[in-house]
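What TrEMBL says about this protein:
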REGION    1-30  region 'Disordered'
COMPBIAS  1-15  compositional bias 'Low complexity'
DOMAIN    37-156  domain 'Response regulatory'
MOD_RES   Asp92  4-aspartylphosphate
Amino acid sequence: MTSTTSGTTTTSPGSALSAQGTAVEPTTAPREARAPRILLYSDDATVREQVRMAVGRRVRVGAPDIVWKEVATAPAVVAAADAGGWDLLVLDGEADKAGGMGLSRQLKNEIYECPPVLVLTGRPQDGWLASWSLADDAVPRPFDAIELQRAIVSLIE
């Protein structure tokens, strides 16, 4: 909205002036898609590779490539999650020393506006443990690429 008083033109907040000096209201057109940022935790490099290969480079055709950060220790997960900026945390529930389920519960309780968490479980029967962990979703081993992709897409969109 534009108003003119004493030769001064003002616009409503969020508006801009065009080259002709008329007010241009902001549009609700979608911004260019931003690359999803996923933190991937497992103490096993093979598991991390299996997840990345199953998910692929992007969540859909034409989408930007996923930005993965792989970590292998619990302190690295906590530090990265605390730093923020993640769209999704993927945590290996079978990792030694500090499993992803315990880390999920810790992060959900300690980090304000914790991003969604996907826990990788050892078997389908571990779903009840994933619910205890406060994870947003769980995918059992052996990994089904379609199920893993579905879970990730549903959590980051």
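Glycine too: its Cβ is placed from the backbone N, Cα and C atoms.
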Original post:
According to DSSP, how is the domain 'Response regulatory' (37-156) divided among helix, strand and coil residues?
Top reply: 53 helix, 24 strand, 43 coil
Subject >> Cβ-Cβ neighbours of Asp92 (4-aspartylphosphate) (radius 10 Å) >> reply: 26
**OP:** Report the mean pLDDT of the predicted model across the domain 'Response regulatory' (37-156), rounded to a whole number.
**Re:** 96
